[in-house]
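What TrEMBL says about this protein:
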- B:6-29: transmembrane segment (TRANSMEM)
- B:77-99: transmembrane segment (TRANSMEM)
- B:119-139: transmembrane segment (TRANSMEM)
- B:160-178: transmembrane segment (TRANSMEM)
- B:190-211: transmembrane segment (TRANSMEM)
- B:248-268: transmembrane segment (TRANSMEM)
- B:280-302: transmembrane segment (TRANSMEM)
- B:322-340: transmembrane segment (TRANSMEM)
């Protein structure tokens, strides 16, 4: 990585170079603990003053071998692992995983459960986009907008608490449905959120969308054309910002997304500003989807929150203690003694950062033979170093924020 | 020199010094309170009522922190950096006229440390020196991020001093004086304030003040998200405190300068029509002056918690391609108007 002039100096020779000293580059370690990396990963940059000449991305600082751990765990114990992928939107990961296993086991969920999942996934998408766009604001120097929307994320976390009891690493849902029904408070809070979030998001947009400094900072920065983006296998908002209307929710609908009316916002130039706008608009679309889902749930029979699959879904405790059948199912499920088909499945959901895929090979046993997570951050981030060369340091940093690289998803 | 004069000046200098430091201290609290207000939260409220003791606690904590000088640092310059920063920040207030004269018994006390007849130039010199503190500190730390911060600070400071100076030239063409006292005396009442004759000049001066103080949107030397704090990365303990202090004193002096040059200093509307005694006018004038300063300080903070920051090249473009041409145009315009006024009216 060392360029010529640098290696001359570092060698045990007289410090002399025919080169113009102004040509010398220096190495700048961006990370692993840099405020702009928002997590633990590193970029070793060769910098010419403020301009980046080349860079190498180093990942793996929080690699936890989830894929390997998953090979030793029964299916239902893998959900908490998925929490810790993209921890800004864990419910999407949870749901994606449940759906993958349901696909493997060929379980059809009742409509109400599917709508509930849609609600929780869209809420998660909003939290993730809030963080990404808010942090983009922070990285350009505008702090306040971030806190305005972060209050609303707090409220979504309250909804999570209402639904599953946890806030960040949610572990929402079970294979075959949810662990319990959404209570009345949860529904009330979701409705309240639909009312209170739009004004805040509008205020946030007013702070940034036409802010001259912000637009100057982000427009035409790190522009990526659709072909390159597809070549690097990008997905999610940053791909849509380049103008490709690929969204798993539409292209490969899951959890009844085909029944919902919503638009896929796309950009034109694929620059940081377009990514920001795509994410902002997606939040509006998510709100629309949640509203529709709430209406649809009202039309469904109440109280259904899981599919009727006693082989895979834990029976209620009162039945376990009083009923032989339930006790057996309970034992088998908890001990992971369920029979799974010997096959392989791939299921993907539209994660907040892109296509979040689960490739599962089952050998019929209690745990996956092999499980691979297609983590969008990992794939999107590959382009970061090549993209950065020629960029100013400041641009490289907001580019990183707009890619929304979540360290947990980068290193599974 | 009579003894009473010396005592008077020493007292005044100490008083202004103390006031400057206290205001700088409380600016840190105010900044956090304003940030809290803008961001729907409280800000510090644990130390004393409304967090009034917060700055004292912060200061005390700074003193008791371990002081670390990095192994690769140039020790002398590393210590010199914050020293220069705080000294240049503090001496700026010497030429600012805080009020008219107070009459106590027989004695007439001028509320200005010294009325240098090139006061404006003096201010400029001091402001130009202040970048040395940042530059030396950043370079001496032997850290790449602080070096980049220092380079940014130096180039930013040089670029914006030009525009600032040019905007002042137009003002001086109007005031015909470099003495700050004289400039303030000219702006008596309300309609004579320089802002009315030099609105464009004020705008340029204001923008340049933001740049000189390294405040958002020109906080590139610190730029937490890119340079992790920039020139002061390696500083700890009270040295870091001094840098921060210098920034707030700088903000205070800049505000005072803007109030003096463009907003009539201690002058307030109808000051001579209220039938007050001279001493009362002076006292109210001082309060009014501080009110103006606080308004500017609040403005600094308001901007900080609202706007994003520029990129380095955009900053340079704004300085060289927008502000300097505008300032020159302002000079020409002022000249033309002055000539027309002198010829026809």
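Even glycines carry a Cβ here, placed using N, Cα and C.
Worth saying up front: this structure is predicted, and the values here are computed from it rather than measured.
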Item to check | Closest-packing stretch to the transmembrane segment (B:280-302), where packing means Cβ pairs under 8 Å, from B:77-99, B:160-178, B:190-211, B:322-340 | outcome: B:77-99
Next on the checklist: Checking distant contacts: for the transmembrane segment (B:248-268), what same-chain residues at least six beyond its ends satisfy Cβ-Cβ under 8 A?
Outcome noted: 20-21, 23-25, 27-28, 31, 86, 89-90, 92-93, 96-100, 120, 123, 130, 168, 171, 180, 183-184, 187-190, 192-195, 198, 201-202, 205-206, 209, 212-213, 215, 282, 284-286, 288-289, 292-297, 300
Next on the checklist: Need a quick answer: max count of Cβ pairs under 8 Å to the transmembrane segment (B:119-139), which of B:77-99, B:160-178, B:322-340 is it?
Outcome noted: B:77-99
Checklist entry - Do the transmembrane segment (B:322-340) and the transmembrane segment (B:160-178) share at least 3 Cβ pairs closer than 8 Å, excluding pairs fewer than 6 residues apart in sequence? => result yes
